[in-house]
């Protein structure tokens, strides 16, 4: 009896070990210890999600919040440093998703194989005095490498790009996928959700409302003047004076700088970005599940303007983007803002395309 209990305990320990280190599982042929019996397969029905850049300032809170999402069954955390610690920490959370960590370029393919959704917050953050363009050379190379891995290992995955400058990194991703022959414009989305989250919050403050009752459509891009909140289309409807509209628009456009300066060299908007990214990822997963009327703003391949990429409201579904919505009626202030946004965006998009094709 003692021996039988000992064997059962050994099997349980091996199962736990295999869950934490699936790549070290070499127990083939031993019943009970095969991968098929190991919870590393995934603890609950749902989707497989990879976070690339999981150890960073955005990556860590993003990983934690995705572990809490009931739609996630398997969560792969990838980074070039510190992933084992982050994985161990997050894996102790008592939610259904199974967490696995992957460290370094040699494990990128394992991290990506079989994923339904890939979220990319990888890269360096903005520091005081830096523009989003200053980040370009470092982050552009990182995004290019990661997207090459996606094209090879999970070409059908929905890809959410957070790495700044989004106005350039999304076009880079598109070029990488085109070159690999896997490009599907429905499955590539630049995450501009933080602009919407900020807009809802700042407008709610002015109106004295709960931010959850406010819905501001934010179009254009994801940097400075390319961020265009359409306050005339606000829900619930409300009219602003020209001074109020100018103040709110400026604050929404410069929300990132507000945080960078407040942190005084200690980082950029990481926590609010993680929150916004999870809100958007959850919408993508609900779309994949087949929920109706999942509509969010995102920076996507688009024919809404003459530019090849543009942020506007999109409807998400089983194939990613099911519909890209037109901008709708705008007032004079917004039309002027749109022209400025398009001019700036055109250069950022071209910069991304030329980087990816050089």
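For all residues, glycine too, the Cβ spot is worked out from N, Cα and C.
Note: TrEMBL annotation is automatic and uncurated.
Feature annotations, courtesy of TrEMBL:
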DOMAIN    48-190  domain 'Lactate/malate dehydrogenase N-terminal'
BINDING   53, 54, 55, 56, 57, 58, 59, 79, 139, 162, 163, 164, 273  NAD(+) binding site
BINDING   126, 132, 164, 198  substrate binding site
DOMAIN    192-355  domain 'Lactate/malate dehydrogenase C-terminal'
ACT_SITE  222  active site, proton acceptor
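Features per TrEMBL, on structure.
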| residue | record | CB count, 10 Å |
| --- | --- | --- |
| 53 | NAD(+) binding site | 27 |
| 55 | NAD(+) binding site | 22 |
| 57 | NAD(+) binding site | 20 |
| 59 | NAD(+) binding site | 28 |
| 139 | NAD(+) binding site | 24 |
| 163 | NAD(+) binding site | 28 |
| 164 | substrate binding site | 28 |
| 198 | substrate binding site | 26 |
| 222 | active site, proton acceptor | 29 |
| 273 | NAD(+) binding site | 24 |
Cα-to-Cα gap, residue 139 (NAD(+) binding site) vs residue 198 (substrate binding site), nearest whole Å: 24
Residue 164 (substrate binding site) as reference: those binding-site residues from 53, 55, 57, 59, 273 with C-alpha within 10 Å of it: none
Spatial separation of the residue listed as 'active site, proton acceptor' from residue 53 (NAD(+) binding site) - C-alpha basis, Å: 20
DSSP-assigned states of the domain 'Lactate/malate dehydrogenase N-terminal' (48-190) in counts, ordered helix, strand, coil: 66 helix, 30 strand, 47 coil
Recorded NAD(+) binding residues, 53, 54, 55, 56, 57, 58, 59, 79, 139, 162, 163, 164, 273 - maximal Cα separation rounded to whole Å: 18
Rounded to the nearest Å - Cα separation of residue 198 (substrate binding site) and residue 59 (NAD(+) binding site): 20
